[in-house]
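Trainee: Here's a structure for you.
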Amino acid sequence: MTEAWGPDDDKPRRSAGPVRVRVPAKINLHLGVGPLRSDGYHELNTVYHAISLFDELTARAGDTLTLTMEGEGAGELALDESNLIIRAARALATEARVPAHARLHLRKSIPLAGGLAGGSADAAATLLACDLLWGTGLSRDELGEIGATLGSDVPFLLHGGTALGTGHGEAVSPILARPTTWHWVVAIADGGLATPEVYRELDRLRAGGSAPVALGPADALMAALRQRDPAVLGAVLGNDLQAAALALRPHLADVLKTGAEAGALAGIVSGSGPTCVFLTADGAHAQTVAAALADAGVCREAVTARGPMPGARVI
Ligand code: C5P
């Protein structure tokens, strides 16, 4: 990670509850998508970056496993056994051989199906909160192994910072660089995009020869991070899924154009979209770009965010 958040140095062992965990959203500074593998995933070369847009999960002792939620997407997200939070709690309980008993409550700010890994973030928060509530005593890496079976981004969201992701995104290694804060504008769209659909669209574009050349490894991005200059970083941001997201949502081109005209250093679709993120020079510049995007009415909401942020943490 960019900062020295030790893997487990700050991780308590057990709590009588309630346990409250804050977890960030992620963006991908570089998302290089390789070929489709036989297991249905694409091989990735990605640089993850955790930003200051957070969900909060509270776990309390209970006699069964229940989930309630408020905030972004409340009423739209199923709270039953299909929910990634419930699945995360059950997966941990099975692994640790404890009863899956907890009352979970989610305060959601990360938009659903937005390309910001909100679902994976909530799964990461659940693993950490239930580990503590149940005293299962697993390390972040062990929680990450369970998490990788739930969503490709879960291991990263347990660690946070800025990190290289390989495999299908689940193999995470820290990027060592001097601490730098980057300032972002996050343009949140109306409605979401289903991640598998965006990957399928990329496969279609590639099969038809109309996809841009694949990005490949993240060497240029890693070198730019070390220079700590937002203009340098802006020049190398890249996302292989962007062409597919734009094909499915042509309107995103207007969002990117508006951000560029407002003076952003760079703008890309975040992950599988439809959220777009813009790099800016500093906090004041981010406010200006966010206001311009909001005024233009090209997105549901434009918010400023900083990164990198730590991963899931007890608060
Ligand atoms: O792991 P996650 O739940 O985010 O993946 C959702 C879907 O996105 C996968 O089932 C797959 O269709 C697609 N995906 C992929 N390659 C990846 C990650 C995700 O094709 N590396």
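The backbone N, Cα and C atoms fix where each Cβ goes, glycine too.
Positions annotated as active site by TrEMBL: Lys26, Asp153. Feature annotation from TrEMBL assigns ATP binding site to Pro111, Leu112, Ala113, Gly114, Gly115, Leu116, Ala117, Gly118, Gly119, Ser120, Ala121. Sequence annotations record features per position, and here TrEMBL assigns domain 'GHMP kinase N-terminal' to 83-161. Marked as domain 'GHMP kinase C-terminal' by TrEMBL: 221-297.
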Trainee: These are the binding-site residues: Ala113, Ala117. Which one scores highest on other Cβ atoms within 10 Å?
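Mentor: Ranked by Cβ atoms within 10 Å, first place goes to Ala117.
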Trainee: Restricting to the chain of Lys26 (active site) and a gap of 6 or more, list residues whose Cβ falls under 8 Å of its Cβ, or answer none.
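Mentor: Counting only residues 6 or more apart in sequence, the Cβ neighbours of Lys26 (active site) under 8 Å are Tyr48, His49, Ala50, Ile51, Leu116, Ala117, Ser120, Ala121, Asp153, Phe156, Leu157, Gly271.
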Trainee: Considering every residue in the domain 'GHMP kinase C-terminal' (221-297), what is the mean pLDDT value?
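Mentor: Mean pLDDT across the domain 'GHMP kinase C-terminal' (221-297) comes out at 98.
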Trainee: Can you name the residues of this chain that are 6 or more positions from Gly119 (ATP binding site) yet have a C-beta less than 8 Å from its C-beta?
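Mentor: Within the chain, Gly119 (ATP binding site) has Cβ neighbours under 8 Å at Leu84, Leu112, Gly151.
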Trainee: For Gly115 (ATP binding site), which residues in the same chain are close in space, meaning a Cβ under 8 Å from its Cβ, but six or more apart along the sequence?
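Mentor: Result: Leu193, Thr195, Ala245, Val269, Ser270, Gly271, Ser272, Gly273, Pro274, Thr275.
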Trainee: Only counting partners 6 or more residues apart, tell me which same-chain residues put their Cβ under 8 Å from the Cβ of Pro111 (ATP binding site).
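Mentor: Non-local contacts for Pro111 (ATP binding site): Glu72, Gly73, Gly118, Ile188, Ala189, Gly192, Thr275.
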Trainee: Please work out the helix, strand and coil residue numbers for the domain 'GHMP kinase C-terminal' (221-297) from the DSSP assignment.
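Mentor: Secondary-structure breakdown of the domain 'GHMP kinase C-terminal' (221-297): 45 helix, 11 strand, 21 coil.
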Trainee: What is the number of other Cβ atoms found within 10 Å of the Cβ of Asp153 (active site)?
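Mentor: A 10 Å sphere around the Cβ of Asp153 (active site) contains 30 other Cβ atoms.
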Trainee: Around the Cβ of Ala121 (ATP binding site), how many other Cβ atoms lie within 10 Å? Please give the count over every shown protein chain.
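Mentor: There are 31 of them.
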Trainee: Beyond Pro111, Leu112, Ala113, Gly114, Gly115, Leu116, Ala117, Gly118, Gly119, Ser120, Ala121, what residues of that chain have CB atoms within 8 A of the centre of the ATP site's CB atoms?
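Mentor: Everything else in range on the chain: Ala25, Ile110, Gly192.
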Trainee: How would DSSP class Ala117 (ATP binding site) in three states?
Mentor: coil
